[in-house]
Amino acid sequence: MPKIGMEPLRRRELIDAAIRTIGQRGSLDVTVAQIAHEAGVSPALAHHYFGGKDKLILATMRHLLRELGQDLNAAIGRTETPRERIAAIIAVNFSASQFAQETIAAWLTFYVHAQQSEDTRRLLRIYARRLHSNLVFALEQLTSRERASRIAEGAGAMIDGLYIRHALGADAPNAASAIALVEDYIAVQLMGEK
């Protein structure tokens, strides 16, 4: 008989275990049994909650995106100026929960998987559109809409690129350095603007 109220806790444990397992292996070449073992639950329970590896992977991506969105909304809520909003968007993308070694490796794996999975590709497109629209909203208060869109596209590419570089490197991710690079890029692009 399942314990009442345990499902959300077990789901979260499995999602966290999926991030760790995928991050450690650097690929989606993992089994539900390996993820379940990492979470300390039975493979049958993992299948019961998620119905299979693909659904567990998608739930893991959704979790990371939801966490990013919640952190972003909280950070933006504390800003007063467009430049503060831009800084908050950048900082959240390199927060400790997102820019950890295993999470970075998991994100890189999701990008590779998107070439074969329409569901994964759709989630990554949603992420890219949200990042772009959040940046454009703040940037167009400082420059033209056309320039704001181009600057946002460049900043998004830098953020993704820094994830890729850190996924391939042996050193621990340096969030402060990554934030400074993206902020410097935007500052240079805005020189001479309002």
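Residue 1 is the first one shown; counting continues down the chain.
Cβ coordinates are placed from backbone N, Cα and C, and glycine is handled just like the others.
Now, the feature entries from Swiss-Prot:
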DOMAIN    8-68  domain 'HTH tetR-type'
DNA_BIND  31-50  DNA-binding region
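If you take every residue in the domain 'HTH tetR-type' (8-68) and average the pLDDT, you get 92. The DSSP breakdown of the domain 'HTH tetR-type' (8-68) into helical (H, G, I), extended (E, B) and coil residues amounts to 50 helix, 0 strand, 11 coil.
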